[in-house]
Structures are given as structure tokens and as C-alpha cells.
Amino acid sequence: MSWGTELWDQFDNLEKHTQWGIDILEKYIKFVKERTEIELSYAKQLRNLSKKYQPKKNSKEEEEYRYTACKAFLSTLNETNDYAGQHEVISENMTSQITAELARYIQELKQERKSHFHEGRKAQQHIETCWKQLESSKRRFERDCKEADRAQQYFEKMDADINVTKADVEKARQQAQIRHQMAEDSKADYSSILQKFNHEQREYYHSHIPSIFQKIQEMEERRIVRIGESMKTYAEVDRQVIPIIGKCLDGIVKAAESIDQKNDSQLVIEAYKSGFEPPGDFEFEDYTQPMKRTVSDNSLSNSRGDGKAELKFGGKSKGKLWPFIKKNKSPKQQKEPLSHRFNEFMTSKPKIHCFRSLKRGGATPEDFSNLPPEQRRKKLQQKVDELNKEIQKEMDQRDAITKMKDVYLKNPQMGDPASLDHKLTEVNQNIEKLRLEAQKFEAWLAEVEGRLPARGDQARRQSGMYDGQTAPAVNNCAQDRESPDGSYTEEQSQESEVKVLATDFDDEFDDEEPLPAIGTCKALYTFDGQNEGTISVTEGETLYVIEEDKGDGWTRIRRSEDEEGYVPTSYVEVYLDKNAKGAKTYI
């Protein structure tokens, strides 16, 4: 099967077909090029997607990736990024192994095709030239034969005519002979050219054209083989990255299998555990006994007058100070009715609504005393670890400088040892500063660890009343603490605002009888009561309880007849005397 023998007369069709083959190859190159662009675009989108959901450095999101589910998600993002890299590899390999190679090959193919068809056209032009020579010699031979025949006929006519002279007859005879000779020469020339043309034609159709068409056939077959090899390469490029893509997918599966819900639950406990014990049972409040005492001990007809009787509407309010307001021992002044004062208070808009509102937005205390005990311990431990790492880093730097100084001492040509003294002094100062800082935080940490109650401790703690804050942070309206013992400082402007609220009500409670003790309490923490109505206590101190916590998180206690006030309930352990008058009874 050869194009030279089977398609000897299809030169133009072969030319069209080979051009179509080149167009197909160029179309395939364009297809692969667009595929590489798609792979690059897909890889870029995957990388952007992975980057978009990566946790931001030094942000809250970075802390969330302690959980196994978040770690698995982070692994998924990283594997997705690697997956995108494999698509970039596909694009690069297809570009180098297919697009670039075929682009070079197609240029060679076009040049080869041009050469073959140029050779074919040259052979065509040669045979056409030979054909024209044959036709020319043939026509000349035909013309000479006709001229010789006419000359012969003219001679015979002249020879038969008796009236023609002998000279005219001889002239006609010579002319006929010349014409016959010319015809013979044309015949010989025509015969020679015919033989030559037949030889050239045989060479053209049986040698030149088959050879040229055979080369064109081989060129076309190589093109077909090459495009087939490129398609195999196209598949192999994809197949080569399948194992790596499989590893990426296996990594995602492994990350998903590493999710531990129990571990995440434990991390939630460690993140938000306050260290407080749950609040104890609420006691039954017997309001009948204070009422009986009010009727028997404080008659409406006593010498205090009707104005004071209005205040004795229950044991709960009898003798109770307005929260955070100390008794005013100054002489009485002209009083307005309590209802009028109360209405004014309710319609006014005090600047201080609650202690918690003052704390919001404030700076975080250095000792993290605004956190619950467990969280405070963790933060302090973390701070101590960070400081120790910084100390170790500075010590390593000091060792390096010391070694360099020793080298300079042994080899003065390398440098001046004195030039390192300033740097060494600076590093030592930094180490000393960091050690002092670490000691400070270690002291706070030791204090917190000493204060944290054991798990079996059943002491009554009202931690739930303070919005998850630690015991030193119960008084949320106080300003930032100055020391780890829970002491508070309060600006004069805030104290004056509280006093404004207090002045209208101080006089109404001046002459009340002191409340009887209903039990005792032991201070669990030191509390520096600098706010109005509070009282300072020392850790381990025993005091009298004169009013139990009413749900507001404060317990009223007494140290002596003239020294009483409120302390945070979570700071004391209360022991109620059930036989005391006005004491509460557990349900």
C-alpha cells in the first residue's frame, strides 16, 4: 500500500490532506495549552481558598486550632494546598512535554511538507515542459509534411503542363525535394523528442512521483504517530501525579480519623474551667419570726414616731444598710418623706449602674486577677513559661557573646574583646530583668495554686453569682487591682458618685437597732474593702454573719459593734446558727 502507486494522480488532494493533518495537530496543541491554563487557574483558586481559611497569626483563630477538629481542618487546608501543587505540576509537564515539543515538531513538519511538494511541483513542471516540446515537434512535423505534399503536387502539375518552361519545372522539382527533406528532418526530430518524453513520463509516474508521494506518506504517518504519543504523554502526565494526589487525599482521611471528640471536650474544660465549686442549696427564709420580733420589740406607738414605723415593713429591710453605704453618724438633718426620696432615686439616672459595667473595657490586670482561679493559673503558668524561654534565649546569647569574647582574647586580630562588653552588660541586665519578672509571676502562680480548693471541698461558694469571674473579681465595678491579694483601688470620682446616691438614704437608717448575729463565717481570702459599705477582712479571720446573701453575691458581716459591712460571698465560708433569732432554715 503506497501513495505513490495508488494515488499517483492525486497530487492536489494529497496536498490538501497533509495541510489538514497539520491543522489537526495545531488544534491538539491549542487544546493542551488551554488545559494547562485551566490547571493553573484551578491550582491558583485552590491555593487562594486554602490561604483564605488559614488561621491568622497572633489572632484568636490561632488558639482555636488546639482542638483536634480544627487541627484536622488545618491539615485539610495544607493537603489542599499540596493538591493544588500537583495541578501546577500537570500544567508544567504538559507545557514542556507536549505543547513545546509539538510546537517545534510542527515547524519541522511544515518545512518538510513544503520541501516534498516543491519537489513534486518541480517534477510536474519538467514533465509538462517535455510534453510541450513533444507537441511542438509534432506540429512542426505535421506542417512540414503538408508543405512537402503541396510542393510535390505543384511539381507534378508543372511537369504535366506543356506550356511551362523547363526552368520552371526544374525549380518546382527542387522546391519539392527541399520540402521532402524538411519533412524528413521534422520526422526524425519528432521521433527523438517522442522517445525522450516517453522516457521522462515513465520516470515521472513510476519513479519521481512514487518517491515523492512515499516521502509524503511517511511524513504523514510520523505526524499520526507523534500525535498518538502526545496523547499517551497527556495521560501519563496525569497518571504520574495520581499517587501524590492519593497521598494528599489519604492525609485528609488520616486527619479526619485523628479527630478526638473526648480530647476536644477536655480542652473546652481546660479553656473555660473557673475553679469554683457549684453554689450550695438555697435556704428557706422564715419571714414570720422577724415580723413577730418587729411587733413585740418595735411597736408602732413607740417614741420613734410614725415616720420611722413606715420603714419597719419586714425583717429583710430592718436595719439593713443600703448596699456599699456606711452608716452616717453625723447629726440628723431635716428629712423629707422616704417615698419622695425613693421616687427621686428611681427617676434619676445614676452614672454607676453596677460594678460590672465599670470593669468592662478596662485594661487587663498584669496578674490576670480578672480571670477565674483556674484560668488565672493557666495564664500565669503560660506567662512563666514564656519568660523562662526568653531567659534561656538571653542566656544562650550571653554564652555566644562570651565564647566570641574568648576567641577575640586568644586571637586579637579577629576583633576587639572590649567591644563586646557593652553588649554583654546589656544581655545580663535583660536576664536580670526577666528573672525578676518571672519571680513576680511565679509568686502570683504559687499564691493561686495555694488558694485553689481541692475537688472534695464542699465549702459553700457563690461563684455563679458573678458571671464566671474569679473570687478577687467579684466586685466587678472596682478599678484594676494593684496586687495579687485581691485588693482594689477606686478613683475619687467614682466614690463621689456613689456617695451622691447614698446621702439621700443614710438618714433613714441611722437609728436602727443593730441586727443580731445569725452565724459565723471564716474568710477564705483577704479582701480590702475600700468601697462604700464594704469591710476589710483577712484570710483566716472569723467574723459574725448578721445578714445572709440575698442573691446579690454579698454577705453582711460584723467584726464589732461599730464595724460591719458587706464582703463577697465567695470570699467567706458561712456557718449558720440555726437556733439564732432570724436565722434561715434549710428546706
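Note that Cβ sites are derived from N, Cα and C of the backbone, with glycine treated the same way.
No curator has checked TrEMBL annotations; they are predicted automatically.
Here the structure is a predicted model, which means the values were calculated and not measured.
This prediction places the mean pLDDT of the coiled coil (377-404) at 89. As annotated by TrEMBL, coiled coil applies to 377-404.
Annotation source TrEMBL lists domain 'F-BAR' at 1-264.
Marked as domain 'REM-1' by TrEMBL: 370-447.
In terms of DSSP helix, strand and coil, the domain 'SH3' (516-577) has 3 helix, 32 strand, 27 coil. If you look up TrEMBL, you'll see 516-577 marked as domain 'SH3'.
Residues or ranges marked as region 'Disordered' in TrEMBL: 466-496.
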DSSP-assigned states of the domain 'REM-1' (370-447) in counts, ordered helix, strand, coil: 72 helix, 0 strand, 6 coil
Intrachain neighbours beyond the coiled coil (377-404), with Cβ under 8 angstroms and 6 or more residues off its ends: 270, 275, 367-368, 371, 415, 420, 423-424, 427-428, 430-431, 434-435, 437-438, 441-442, 444-445, 448-449, 452
